[in-house]
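Structure record follows, encoded as structure tokens.
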């Protein structure tokens, strides 16, 4: 018969071993060296996790998966890769690194990173009554390849500069800066995404003068802090748009007035009209060529007053460039067509007036010469009569 002391000792040993296993199991946990990983599009990322304290996980199930996905990214079970259960979008892009699996360290290497790989991942261990997982976040970044600055045609409000850049992820930050590094307020900012989730950015700036020097378009990635800059220097002539078309308008008005004055001078010079001939002056002023000149002058004056003070659309309106361009271009078209139509008619009318005045002067001279011819004819008749009488007397 066994002694009671032996049973007590055996029970104590079993309890001690059970407690050791429980304590050891409770101490095991899964961790990761870093919870945030950065990877570039087209590059690779290594998702590492380990069991601490070090413990072999060779016969455990190791799984990487993403929340919201029914299939795992990678599954290791029974010492083999379970390819048929993995998500198809990761096929031929994953590599299981298990050199330190005996120490509880494993890694999943993902090749050819794309934007769809961005997001959180979980690494879990399951086996021998132990199950635990660790979460890590993979941040995929992409830096745009090209940044372009386009300058739109100047209008009455200034010069619109546009900065375009694509191929960014995540959405970058954009801002305009001057040559001193000061931030300039943008007029409009917008973005879009393509099917691959790349961001395409667009930002505009309205410049009314050249006091800013060179203009710099800055784009930087908020995750990596990488920045790209593209600068442009605008010629001063672009900011003289208002002065140019105002000078053109003034030149047109002066041409019309010169034609008007020339027409009046030529009319008075041809007719010999004195300065007090109000009736003839009124006829000249009310003639239709002069009325056309008046119409052009009033139209040009109206646009010269209206354009600088007209109510304008908001700078954030997508149709802002269209609105400010068409009204100025319409002015030039109207003036051009009016000049091309009216100036030849005025010149032809002046030529017609000169021809009419010349004929009128010739007719006037002919009428004045008729009495002289009559007197000469009478004189010659009397002379012949006197000559005939004297000849008869002599005979």
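Note that Cβ sites are derived from N, Cα and C of the backbone, with glycine treated the same way.
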Ranges in play 249-269, 354-374, 375-395, with Swiss-Prot marking transmembrane segment at 249-269
The candidate from 92, 126 that Swiss-Prot records as N-linked glycosylation site is 92
Based on what Swiss-Prot says, identify which of 139, 209 is the N-linked glycosylation site one. 139
Just give the helix, strand and coil counts over the domain 'Ig-like V-type' (26-141), going by DSSP. 14 helix, 58 strand, 44 coil
May I ask which residues of the same chain, at least 6 positions away in sequence, place their Cβ under 8 angstroms from the Cβ of residue 139 (N-linked glycosylation site)? 36, 37, 38, 39, 118, 223
Within the topological domain 'Cytoplasmic' (351-395) only, compute the mean pLDDT. 56
Long-range Cβ environment of residue 92 (N-linked glycosylation site), under 8 Å and at least 6 residues apart: none
